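Positions annotated as pyridoxal 5'-phosphate binding site by TrEMBL: Gly111, Ala112, Phe144, Asp229, Glu230, Val231, Gln232, Thr287. Taken from TrEMBL, the feature N(2)-acetyl-L-ornithine binding site applies to Arg147, Thr286. Annotation comment: TrEMBL describes Lys258 as N6-(pyridoxal phosphate)lysine.
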Amino acid sequence: MEKDQIRSNQALVEQGKQVVMNTYGRLPIALVRGQGATVWDADGRSYLDFLAGIAVNALGHCHPQVVAALQAQAAELIHVSNLYWIEPQVKLAQLLVDHSFADKVFFCNSGAEANEGAIKLARKYAKKTWGPNKYEIITMEKSFHGRTLATITATAQPKYQKDFDPLPAGFRYVPFGDLAALESAIGPQTCAILVEPVQGEGGVNIADQAYWQGVQKLAAEKQVLLIFDEVQTGFGRTGKLFAYENFGVQPQIMTLAKALGGGAPIGALLATDEVANAFQPGDHATTFGGNPLVTAAGLAVMNVLVNEGLLAHTEKIGAYFRSKLEDLAARFSLIREVRGLGLMLACELDRDGAPIVAACLEKGLIINCTAGSVLRFVPPLIISEADVDQAVAILEQVLTEAGA
């Protein structure tokens, strides 16, 4: 079929339904081009993108440094096996080590893979260090850690586990933010606590610094590893390069993905030397993880984040955006709460959020709804006050029309 025959929203949607598995609740548009915080659909209509591929396009769409890095690397070397050393992979690992608690990095292709690796590493380290019965991992209710069998089990939400049993053993759940419940759950078989610094898919839920200090203290006292899933919160999303910096704590293991590649599929597992050394050749591997193309993209993203003042900008523009959302909350009673950090913000509603999302899309604003009633805003970190004003104006129109 000729490209021009299907290049419209309707045609692409109809063809896609015939040939692509039905695993996403897709909206009826096909996005074909992006620049900065704007995307265009196949019919030529533009949208202000305040979802950024769900926190992936931190630098916006088609950032010139990321595009240049991908083009240059694609012309030189796209893929070789991890049986050999890869220059951009080593350089990116060095940057991640230089700007985090970690000493070693393992590259993979996604957040789910990074969390799978973290689960394996935690169990391997614990068995070698503390004995063969240390295997259980505690995770939080309303968490989200991926779509593989192990990571949907780690994800303490039954809706993601339904019909996929039997699930792997060795996971226990406690309420997020409840230090007493966490302490009670830690037992002789516990090897690790796996937690998101800010729960993304669960509703942009935040715990205070006292909780995080308590979690770190418990982990040290009980001899369990602390694993931070920063797949969504990492790379400036909360105003810090990594979200753990907001709370004055450090994990021994951290997982990353989403924004790291600027849209190129890459994940990473970071750990301290002591923990990382539990892995030996043959313990863990991936065909594509950390290949030259994606790590070249990651290098470009990291260089922009750490060298161009984007973290300070994120804190400033995030505060501006939050103040505008709080102004809306004061005027519209359906908004129960505004919460978040940096440019990971949310409005919890007193009703289903899906109609609000659909109405915003119709008016040219892309956001999404999570946890049923929570509007999530994770725009590119490069947005301006004018972009925020435009987004808030659209949201205000939608809320007014909703009779809120």
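The backbone N, Cα and C atoms fix where each Cβ goes, and this holds for glycine too.
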Q: Would you mind sorting out which of Arg147, Lys258, Thr286 (the recorded positions) have a C-alpha within 10 A of the one on Gln232 (pyridoxal 5'-phosphate binding site)?
A: Lys258
Q. Which of the three DSSP-derived classes (helix, strand, coil) applies to Phe144 (pyridoxal 5'-phosphate binding site)?
A. coil
Q.
Give me the CA-CA distance between Ala112 (pyridoxal 5'-phosphate binding site) and the residue listed as 'N6-(pyridoxal phosphate)lysine', in Å, as a whole number.
A. 11
Q. Under a three-state reduction of DSSP output, how is Asp229 (pyridoxal 5'-phosphate binding site) classified: helix, strand, or coil?
A. strand
**Q.** binding-site residues: Ala112, Val231 - member with fewest neighbouring CB atoms within 10 Å
**A.** Ala112
Q. Whole-number Å distance between the CA of Thr286 (N(2)-acetyl-L-ornithine binding site) and the CA of Asp229 (pyridoxal 5'-phosphate binding site)?
A. 20
Q) Near Asp229 (pyridoxal 5'-phosphate binding site), which residues of its chain come within a Cβ-Cβ distance under 8 Å, counting only those 6 or more away in sequence? A) Gly111, Asn115, Ala118, Ser143, His145, Leu194, Val195, Glu196, Met254, Thr255
Q: Please give the greatest C-alpha separation between any two of the pyridoxal 5'-phosphate-binding residues Gly111, Ala112, Phe144, Asp229, Glu230, Val231, Gln232, Thr287, in angstrom, as a whole number.
A: 25
Q: Would you mind listing, in sequence order, the residues at least six apart from Glu230 (pyridoxal 5'-phosphate binding site) in the same chain with a Cβ closer than 8 Å to its Cβ?
A: Glu196, Pro197, Phe242, Ala243, Tyr244, Met254, Thr255, Leu256
Q. Arg147, Lys258, Thr286, Thr287: which of these recorded positions has the sparsest Cβ neighbourhood within 10 Å?
A. Thr287
(Q) Measuring Cα to Cα, how far is Arg147 (N(2)-acetyl-L-ornithine binding site) from Val231 (pyridoxal 5'-phosphate binding site) in Å? (A) 13
(Q) Neighbour count, 10 Å Cβ-Cβ cut-off, for Gln232 (pyridoxal 5'-phosphate binding site): what number do you get? (A) 28
Q) Considering only the binding-site residues Phe144, Val231, Thr287, which residue has the minimal Cα-Cα separation from Lys258 (N6-(pyridoxal phosphate)lysine)? A) Val231
**Q.** Packing count at Phe144 (pyridoxal 5'-phosphate binding site) (other Cβ atoms within 10 Å of its Cβ)
**A.** 27
